[in-house]
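Copied over from Swiss-Prot:
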{"type": "TRANSMEM", "residues": "27-47", "note": "transmembrane segment"}
{"type": "TRANSMEM", "residues": "48-68", "note": "transmembrane segment"}
{"type": "TRANSMEM", "residues": "97-117", "note": "transmembrane segment"}
{"type": "TRANSMEM", "residues": "119-139", "note": "transmembrane segment"}
{"type": "TRANSMEM", "residues": "148-168", "note": "transmembrane segment"}
{"type": "TRANSMEM", "residues": "176-196", "note": "transmembrane segment"}
{"type": "TRANSMEM", "residues": "219-239", "note": "transmembrane segment"}
{"type": "TRANSMEM", "residues": "240-260", "note": "transmembrane segment"}
{"type": "TRANSMEM", "residues": "280-300", "note": "transmembrane segment"}
Amino acid sequence: MASKAHPVATTAAADWRDFLALTKPRVLTLVVFTGWCGLLAAPQSIHPVLGFTAVLCIALGAGAAGALNQWYEADLDAMMARTANRPLPAGRMDRQSALHFGVGLGIFSVLLMGLALNVLAAAILAVSILFYVVVYTIWLKRRTPQNIVIGGAAGAFPALIGWAAATGRVETLPVLLFALVFLWTPPHFWALALFINSDYARAGVPMLPAVAGQRATRIQIMLYTVPMVIAAVAPWAMGLTGAIYGIGASLLSALFLLLAAQVGFSREADPARMKAERRLFGFSILYLFLIFGLVVADKVLA
């Protein structure tokens, strides 16, 4: 059983950098990019000011979800080396401030999206925030090793939101992009979990390597990569994108599959020597940036 740990007492007033850290800026970058690509890939364009507003709302909504995640998980963050210096466990901010910030940011983002763009985009944004905070953070993360599988839906919403903001509809292409991110999430996070497993185990988070072991995790990474690759090339196969996307996505997905296979067949047990796992984790981030970039490039250049 994991030892108990609590955030240290707040010693100083939080500054703007602490509030920014609550939004998880690194995660925010990918979320905003996929939302922006969903907006640009839509068949009809919108005024640049409205487009900027839509992307801003996606960023604020994702930031709100990140803040509420850190509010709820302050005790876990205090036990994990990679999160111990976050504002709450480090004592630079009190939990009530984080809660108020997250709730306020979330409400503002949804209201602004609804008033400036349309109700559908605002509704999907609201669902994405609630899904990440309630379903993933509060309900799943501490209870099941499948937490990241189901919770992965939260990170898959931005492309849907961007498309809906531009069109007021949800159509096949953004749904396929949603499926792609949903299926990408387990290999991405399980690759990370393999080489920081001790952090999760110390905090008592039932990530797959800690519960089912390394071998089962490696197999699951390969099993999820196959349908992810199918989802990645499906837009081209269905005639929703052109050759620019299709060829690029096929090559990138083949490389992803190769890296996943290297992880799957690896017998390395020492986290410090897990090069294949680190390669897959690093490439998986680049992969998603490039895939979504290809969606936009295909529309602009075709």
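Cβ coordinates come from backbone N, Cα and C, glycine included.
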Find the member of 119-139, 148-168, 176-196, 219-239 that has more C-beta pairs under 8 Å to the transmembrane segment (27-47) than any other listed stretch.
-> 148-168
May I ask whether the transmembrane segment (219-239) has at least three C-beta pairs under 8 Å with the transmembrane segment (48-68), counting pairs 6 or more apart in sequence?
-> no
Positions whose Cβ lies under 8 angstroms from the transmembrane segment (148-168), at least six residues beyond its ends = 27, 31-32, 34-46, 50-51, 54-55, 57-58, 62, 65, 113, 117-118, 120-121, 124-125, 127-128, 131-132, 135-137, 140-141, 174-175, 177-186, 189-190, 207-208, 292
